[in-house]
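Engineer: What Swiss-Prot shows for this protein is this:
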MOD_RES   M1  N-acetylmethionine
MOTIF     3-15  motif 'LD motif 1'
MOD_RES   S68  phosphoserine
REGION    83-136  region 'Interaction with PTK2/FAK1'
MOTIF     92-104  motif 'LD motif 2'
MOD_RES   S140  phosphoserine
MOD_RES   S141  phosphoserine
MOTIF     157-168  motif 'LD motif 3'
MOD_RES   S164  phosphoserine
MOD_RES   S186  phosphoserine
MOD_RES   S194  phosphoserine
MOTIF     203-215  motif 'LD motif 4'
DOMAIN    344-403  domain 'LIM zinc-binding 3'
MOD_RES   S403  phosphoserine
Amino acid sequence: MEDLDALLSDLETTTSHMSRLGAPKERPPETLTPPPPYGHQPQTGSGESSGASGDKDHLYSTVCKPRSPKSVAPVAPPFSSSSGVLGNGLCELDRLLQELNATQFNITDEIMSQFPSSKMAEGEGKEDQSEDKSITTVPSSTFPAPSKPSATSATQELDRLMASLSDFRVQNHLPASGPPQPPAVSPTREGCPSPPGQTNKGSLDTMLGLLQSDLSRRGVPTQAKGLCGSCNKPIAGQVVTALGRAWHPEHFLCRGCSTTLGGSSFFEKDGAPFCPECYFERFSPRCGFCNQPIRHKMVTALGTHWHPEHFCCVSCGEPFGEEGFHEREGRPYCRRDFLQLFAPRCQGCQGPILDNYISALSALWHPDCFVCRECLAPFSGGSFFEHEGRPLCENHFHAQRGSLCATCGLPVTGRCVSALGRRFHPDHFTCTFCLRPLTKGSFQERASKPYCQPCFLKLFG
């Protein structure tokens, strides 16, 4: 830094002389001897001994330009005239430009040797190797002699030099997260570089180590939590633990539809995870009514499975109560509908017979329905008369057949007298006027009424 300050002050002095004196006359540039080579002076510093100024010393410790002895560059005697001062200023400016060029290339080489693009272990090894040997100087013959550099070109050279120094300062400050550590000495000898494969492998290992340490400082765990049950690779970061194994969250998938199951419920079948949809669709029993998978409660009846809301009467759709259900051809019915549809019918009321019944006339009857079909009177003594398939009492039976006595209205079961299209008991076939029996079989008829001969003549003469 002291040399750079000296260069800047000399340049300012030369510029001020040129501005005061005007345009000088042209003169051939003086042949100058090249500046002495720069030597590399390694500096071993310790974090404990370096204080607040240790960082600045460490920044610029690698480039040290020795001051040239006074005998090599003698001081020119002062000129009395303005042309002499101007010529001396141009010579001094040429010398400064040559020194700037040599310094720029040497500083650039030094920076690139210490901070390569990889910024990893390879760069550190090269820096350690550079401590054991001096930097190769660039001969002055390789650089063409500058032809009349102006103040503007010198300023541009200084700008490029300052930019290089700024990059050097930024790169040197980036990895400094703690106290400066002494550089590790590389065991490789000069002239025997390591193979590229080993260098790349070491750089990759160093990069992974730095990445893991950085994640650890940020609170992110980097230790492997086991092998993934799907890809069989180590797990670092988030992990899903299920089925006795660890999984990457993106690898814990449904075996059926391949959707991610992390953070959601799942079912296990034969050691494989399934989402609820795939599990119920593949392995749940089917409802006997809607043929859909049963997910929750289930009713088992008639050799199949049912949703509770679907196990109901197939006729009325009502759920079964405490009275249970009846089965017909594999289908459940409530008691009312089953009896209504399939119970035997009463011949009298055509209703289903639920309890006691009477079997008569090749049919079934409710006890209350087995009565005379004319007067609806129950049969006394359990006896009845049948006419045209209908149960009748005795009176209505004879009435239907015409075997009732026309006088008393009672059935004629024994001897009878048939006259006037009717039947009579023998004792009840009498004259309508005198009421004497007409036993002789001779009588007269008037208005469908029988009369004896004397009464008929007396009345109707």
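Keep in mind that glycine also has a Cβ here, set from the backbone N, Cα and C atoms.
Remember, it's a predicted structure, so these values are computed and weren't measured experimentally.
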Engineer: Mean pLDDT over the motif 'LD motif 2' (92-104): what is the value?
Structural biologist: 73
Engineer: For the motif 'LD motif 4' (203-215), what are the DSSP-based totals of helix, strand and coil residues?
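Structural biologist: With helix first, then strand, then coil, the motif 'LD motif 4' (203-215) has 13 helix, 0 strand, 0 coil.
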Engineer: Which residue counts does DSSP yield for the domain 'LIM zinc-binding 3' (344-403) in the helix, strand and coil classes, in that order?
Structural biologist: 11 helix, 17 strand, 32 coil
Engineer: Taking only same-chain residues 6+ apart in sequence, whose CB is under 8 Å from that of S403 (phosphoserine), what do you get?
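Structural biologist: S403 (phosphoserine) has long-range Cβ partners P411, V412, C416, R423.
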